[in-house]
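Data block below; observations after.
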Amino acid sequence: MQLSPSEISGLIKQRIEKFDNSVELKSEGTIVSVADGIVTIYGLNDVAAGEMIKLPGDVYGLALNLNTDSVGAVVLGDYEHIKEGDKAYCTGRILEVPVGEALLGRVVDALGNPIDGKGEVATDLTSPIEKIAPGVIWRKSVDQALQTGIKSIDSMVPIGRGQRELIIGDRQIGKTAIAVDTIINQKGTGVKCIYVAIGQKASTIANIVRQLEEHGAMEHAIIVAATASDSAALQYIAPYAGCSMGEYFRDRGQDALIVYDDLTKQAWAYRQISLLLRRPPGREAYPGDVFYLHSRLLERAARVNEEYVEKFTNGEVKGKTGSLTALPIIETQAGDISAFVPTNVISITDGQIFLETDLFNSGLRPAINPGNSVSRVGGAAQTKIIKKLGGGIRLALAQYRELEAFSQFASDLDEATRAQLNRGQRVTELLKQKQFSTLSVALMALSLYAADNGYLDNLEVSEVIPFESALHALAETKYSDVIAEINETGKYDADIADKLKIIVEDCKANQAW
């Protein structure tokens, strides 16, 4: 086939028009060492701190050390195929994770990849794992209660929406049980929950997922899992990933709760990474910025005002405040709360729930020590009826603890002291609560009213829990309208007090326990 000169010139013109003369600029470096999940890269002069670096085999690294002529990065995934001499490239992006409603009911890893076998997460939205916390001007004071359903917490150490409340104690003492009960109690309240498991066994996480599913709580929960078999890098970034997922709800005028279980293991992972990166060790071999590790995470839990939500959503959501409540967990060694990481997190948070081994072993569960436990901002958020009735509980316990030690040395006690000891014993018994048996505001108020007004004083200590069960059963069947009214309003006045009195006296008269 012969082409005429005009056709040839036409083809040449077409080729010239289609010719792509764009230049692709890539910042390239060479891997000079790889060991223990840390790669050292020569070159990459344009890399930024916290930037993702593309490594061979569709694996990414996180730039943490920026030296004069090299970059120290931690590998996010498998690094066995990476070898000396391989090329690495800048991406110009910082690490992002998927966010959105589609994550509810799912179990994901620290990078947001699903690990529950239910297929891909149907969301296109992503968010950086590192964000600056809202400034003072965008915040609103904490004045809405976050009910845990646990008597000893809601009455003595109340938690508000947007608060950071530390749960601290030794291992195997019920820290996770409190967090799981709190997540279960948010069912039907509209509060979205994120549970971040750091450095736990996969079987333990599977058990928590099963418990949440059994109690219908997975519908409003996201599980972010960085198991003990995952790399230190994934255990380090998991809390930040979970926080970004919670901020999605906070910034859109909704309420969210995030549990970090536990931040001690995150600090261990960060210490491991820092030592491998040859950063100078400080106290307990932790790096100098271990305080900042936790402070920048926990400061992101906040209650934001209407203006912040309206600005963030470009006016789509108006007149709504958002909140992210954080329940960080810290594991102590033999009750030592003066160690480095516990003291750091105590100083960052708005209060702590201190669990004690001796109380746990004596059968008091949840094993909360009311003397060391405090809520710095939750009092303003406490439900009115619980605040009114819970004050007497704390006082009775404080007097009981003081007199209990004294009474061991005194043989003859006056009537008033004996009455205080009796009241304290019964209040202590009343605060015992089994796991997965959270209470509504009304039923909790009923129990507190009975204790406050001396209705438990003439019962045997062993009869307190059966009496409470009978009281709740009677209230839910015969006085359901009163229970519904208290749950709806949360107020306390003479009328409500009279109604509570009628219920308690009815139960006492029947002696149905």
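Please read every residue number as a count from 1 along the shown chain.
The backbone N, Cα and C atoms fix where each Cβ goes, glycine too.
On a predicted model such as this, the values are computed, not experimentally measured, just so you know.
According to Swiss-Prot, the features are:
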BINDING   Gly169, Asp170, Arg171, Gln172, Ile173, Gly174, Lys175, Thr176  ATP binding site
SITE      Ser373  site 'Required for activity'
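Shown here: features listed in Swiss-Prot, placed on the structure.
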| residue | record | contacts (Cβ under 8 Å, 6+ apart) |
| --- | --- | --- |
| Gly169 | ATP binding site | Lys175, Glu331, Thr332, Gly335, Phe354, Leu355, Glu356, Thr357, Ala367 |
| Asp170 | ATP binding site | Glu331, Thr332, Gln333, Ala334, Gly335, Leu355, Thr357 |
| Arg171 | ATP binding site | Glu331 |
| Gln172 | ATP binding site | none |
| Ile173 | ATP binding site | Leu355, Glu356, Thr357, Phe360, Ala367 |
| Gly174 | ATP binding site | Leu355, Phe360, Arg365, Pro366, Ala367, Gln435 |
| Thr176 | ATP binding site | Ile208, Asp261, Ile329 |
| Ser373 | site 'Required for activity' | Met156, Val157, Gly351, Gln352, Ile353, Phe354 |
Which residues, same chain and not among Gly169, Asp170, Arg171, Gln172, Ile173, Gly174, Lys175, Thr176, have a CB within 8 angstroms of the centroid of the CB atoms at the recorded ATP site? Glu331, Leu355, Phe360
Gly169 (ATP binding site): secondary structure state under DSSP, collapsed to three categories: strand
Around the Cβ of Lys175 (ATP binding site), the count of other Cβ atoms that are within 10 Å: 25
DSSP output for Lys175 (ATP binding site) maps to helix
